[in-house]
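Note sheet for the following structure.
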Amino acid sequence: MGLESEKADVQLFMDDDAYSRHSGVDFVEAEKFSASGPDRDPHRLNSHLQLGFQDVIAEPETTHSFDKVWICSHALFEISKYVLYKFLTFFLAIPLAFAAGILFAILSCLHIWIIMPFVKTCLMVLPSVQTIWKSVTDVVIAPLCTSVGRSFSSVSLQLSQD
């Protein structure tokens, strides 16, 4: 699960007429690598991270650099993105996966053994609390509010201009 059984052969294309519609880095046999292996993002959680060179760097029609500079910068962008991602995942993927596993295990344990029993207990006790609260409001708060209302209803103010 997640282990690579084949090595990916990578080629860099830098021909003048195909650079604008090509991503720069490509698999030698793209159909072999796209069809094999499980989908690592089946729910498309990281579909927003599929950025290309044109999504990051763009030159308007009025200002263009030399074609060779554009092609080389495109190739360097794609290669550095590819190599740096591989380098970072080589060093960070296992420790971060371990830390995320610990975090999710702790959160799951807290949710299962503390939060949900507390919520269920509150929901179970709630009808009793509701009955007690209704009795307290009927016995204490309702007469108090009624007497205050009657006291203030007999107050009348008259303003006179002297």
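Just so it is clear, glycine is given a Cβ too, placed from its N, Cα and C backbone atoms.
Pulled from Swiss-Prot:
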TOPO_DOM  1-86  topological domain 'Cytoplasmic'
MOD_RES   Tyr19  phosphotyrosine
MOD_RES   Ser20  phosphoserine
MOD_RES   Ser23  phosphoserine
MOD_RES   Ser36  phosphoserine
INTRAMEM  87-107  intramembrane segment
TOPO_DOM  108-162  topological domain 'Cytoplasmic'
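For the topological domain 'Cytoplasmic' (108-162), the model's pLDDT averages out at 92. In the topological domain 'Cytoplasmic' (108-162), helix, strand and coil residues by DSSP number 46 helix, 0 strand, 9 coil.
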